[in-house]
Amino acid sequence: MDSEALKKYSALHPKPAGLTLQYGTAGFRTKAEQLDHVMFRMGLLAVLRSKAVVSTIGIMVTASHNPEEDNGVKLVDPLGEMLHPSWEEYATQLANAEEGELQRIITEICQKAAVNHHKDASVFIGRDTRPSSEKLSQSVIDGISVLGGQYHDYGLVTTPQLHYMVCCRNTHGQYGKATLEGYYEKLSKAFTELIKQSPSSGESQRHLKIDCANGIGALKLSEMESYFPEEVLIHLYNDGTKEKLNHLCGADFVKVHQKPPRGLDMKPNERCCSFDGDADRIVYYYKDATGHFHLIDGDKIATLISIFLKELLAKVGQTLKMAVVQTAYANGSSTRYLEETLKVPVHCVKTGVKHLHHKAQEFDVGVYFEANGHGTVLFSKAAETKIRQLAKEEKDDEKREAAKVLENMIDLINQTVGDAVSDMLVIEAILALKGLTVQQWDAIYTDLPNRLLKVQVADRRVIDTTDAERRAVTPPGLQEKIDALVKNYKLSRAFVRPSGTEDVVRIYAEADTQENADALAHEVSLAVYHLAGGKGAPPQPM
C-alpha cells in the first residue's frame, strides 16, 4: 500500500467534521453533499474485500426511494448478495475514521480479515440517475485506484442489474453474461417462452402501465422494450424527463399513501405498477368501477408466485421443500391464506432484506417478499439441477412440460436480489398463464385493515425486541400494555420496533376494521410515548 498516495488522495476527499454514519441494510444513505469521503473510502474497502474473497465485488451508488437530494452506497458480495455482516462493521469504521487514522484502520482490517495483498482486486461500479451520482462514483474510482484495484464502470444501471453482473462474473458466466444485453436476453427469452404457453397467447395485447418513479427503471425498460414479444405493451410514466426522482411517485409513495402516483392516469380495472428509484421494488394496483383504489403489495405478489410454483411442483411430482419468508409487517390475512389454504410453511424473520434472503436459502424453493414490494425467489442448487434434468429427460409429457415452465421461471427470476423488472415479468407471465385479471388476483384473500405510525423518542435503543421483532423486551411493561390493548379488538395484532436509522419507534397495528386498526395504533403509540421516552407533544388520534 502506497501511504503517500493514500494521504494525498484522502485529502482530496475530506471527511466533514463531526459526521458519523452507520452501514445498515441499505448501506450508507444521507444528503449527497456529505458523501464524497464515504464514496472514496468504500472504493478502498471494495478492493480489500475483493482481495479477501478473491472475487469481483460490486459498488452501487444509489439512495433507492429516498428524495433526489440524498444519495448512498452499498457493496455487493460475490454471488450478488449483500455485504457480509462482519464487513458492515469495517465499512462503518472506515467511513467514520479521521484523516490521520485511515492508514491504521486499513491495516487492522487487512489483519482481521486476512486480506492477501498479492491478489488482484476487481470491482464493478453502477449508479442511479441522481444528479450527484456521477461525481460520487468518480470518488469511488479514486478509492479503487489508490489501492491498485481494477474496475469496470457500468455507468447507469438498476441496482438489481449490478447485483446480476457481479454474480455472472463470479460464476464465470454460469448465471449469465455480465453485460446489459446478457441480462435483457436471458430475461426476455425466458419470458417469451412462458408467454407462448398462455391460453390467450397472441390474441390480446397485454397492456401494463408502469410508474418508473422518474428513475433508472424508465431508462432500462426503454432499452429492453425491443426484446419483448409483441403481445406485451408496456406504457412508461414518470420516466424522469420532467419531474424529480421519487417525488409523489414510485413504489414507496404508493404503498405508504395507498393512492396512485402523480402523473399516471388510471382508468377502471387497468393493471398498473410502480417501481422505486433504483428499480428493486415493485407494487401493483388498480381502481375498481366505483373509483376505489386497490393496492397489491409484496404479500399478494408472494402469494401469487407461491400458488403458481406449488402447482408446478405438484405436477413434476418432486418432493421439493418450499416455504415463504415474511416479516412482522406482512398482513395477517396473507399469512393465514398461505398456511391454512395453500398449506405452505411461513417463516417470520427480522425486517431487512438480508434476513429474508438468508432464511430463504434454507429451502429448495424459498419465496420472500417484504410488504413494500422488495423480494424474489431462491432455488437451491439441488432443486435447480433436478428441474433442469426433468425438463430435458422426463418421459411423461405433462411432467416434462411443467418442468420446462419451472426452468423458464428459474431463468426469469433474478435470484441475487429483489428486481422490479424481473418481478414484473414473472407476475405478467403468471397472470397470462393462469388467465387471471388483476381483480381476480386481488380477490385471492382480503387484507386486514392496518395502520403504520411512528413516535419520536429521545433514544430508540430503549426498545429491544425478540421473536422476529414481534415482541418488545424493553422498556419494562410495554409488551404487557400492548397485549392488553390488542385484546380489545377483533382479529388484531400490534408490534413496535425501533427504526434502524433515526430516533423513532415504528408502530404497526391491524384489526377487523380500519377504524379499529387506527384506534389500536393510536393507543399503542401513546403507550410507547409514555413508556419509552417520547419527545414533543403526545401522539394525537387520527
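Glycine residues also receive a Cβ, built from the backbone N, Cα and C atoms like all the rest.
Per TrEMBL, these features apply:
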{"type": "ACT_SITE", "residues": "S64", "note": "active site, phosphoserine intermediate"}
{"type": "BINDING", "residues": "S64, D276, D278, D280", "note": "Mg(2+) binding site"}
{"type": "BINDING", "residues": "E370, A371, N372, R497, P498, S499, G500, T501, R506", "note": "substrate binding site"}
{"type": "COILED", "residues": "380-415", "note": "coiled coil"}
{"type": "DOMAIN", "residues": "56-97", "note": "domain 'Alpha-D-phosphohexomutase alpha/beta/alpha'"}
{"type": "DOMAIN", "residues": "114-166", "note": "domain 'Alpha-D-phosphohexomutase alpha/beta/alpha'"}
{"type": "DOMAIN", "residues": "178-283", "note": "domain 'Phosphoacetylglucosamine mutase AMG1'"}
{"type": "DOMAIN", "residues": "297-435", "note": "domain 'Phosphoacetylglucosamine mutase AMG1'"}
{"type": "DOMAIN", "residues": "452-525", "note": "domain 'Alpha-D-phosphohexomutase C-terminal'"}
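Within 10 Å of the C-beta of R506 (substrate binding site) there are 21 other C-beta atoms, taking all protein chains into account. Each of the binding-site residues D280, E370 was scored by the number of other CB atoms within 10 A of its CB, and the lowest score belongs to E370. In this chain, the domain 'Phosphoacetylglucosamine mutase AMG1' (297-435) lies in contact with the domain 'Alpha-D-phosphohexomutase alpha/beta/alpha' (114-166); the count of Cβ pairs under 8 Å, excluding pairs fewer than 6 apart in sequence, is at least 3. In terms of C-beta pairs under 8 Å, the stretch of 56-97, 178-283, 452-525 lying closest in packing to the domain 'Phosphoacetylglucosamine mutase AMG1' (297-435) is 178-283. Long-range Cβ proximity for P498 (substrate binding site), meaning a same-chain Cβ under 8 A and a gap of 6 or more residues, is found for R460, R461, I463, T465, V504, V505, R506. Taking Cα separation as the measure, D278 (Mg(2+) binding site) is nearest to S64 of the recorded positions S64, N372, G500. Listed in sequence order, G24, T25, T351, G352 are the same-chain residues six or more apart from G500 (substrate binding site) with CB atoms under 8 A from its CB. The CA atom of D276 (Mg(2+) binding site) is located 14 Å away from the CA atom of E370 (substrate binding site).
Of the listed recorded positions, namely S64, N372, the sparsest CB environment within 10 A is found at N372. Within 10 Å of the Cβ of D278 (Mg(2+) binding site) there are 33 other Cβ atoms, across all protein chains.
Cα separation, S64 (active site, phosphoserine intermediate) to D280 (Mg(2+) binding site), rounded: 8 Å. Separation of the C-alpha atoms of D280 (Mg(2+) binding site) and N372 (substrate binding site): 11 Å, rounded to the nearest whole number.
What surrounds the Mg(2+) site, by Cβ distance within 8 Å of the Cβ centroid and not counting S64, D276, D278, D280, is the set T62, H65, D128, T158, T159, G215, A251, F275, G277, A279, R281, H374, A420 from the same chain. D276 (Mg(2+) binding site) is surrounded by 34 other CB atoms, counting those within 10 A of its CB over all protein chains shown.
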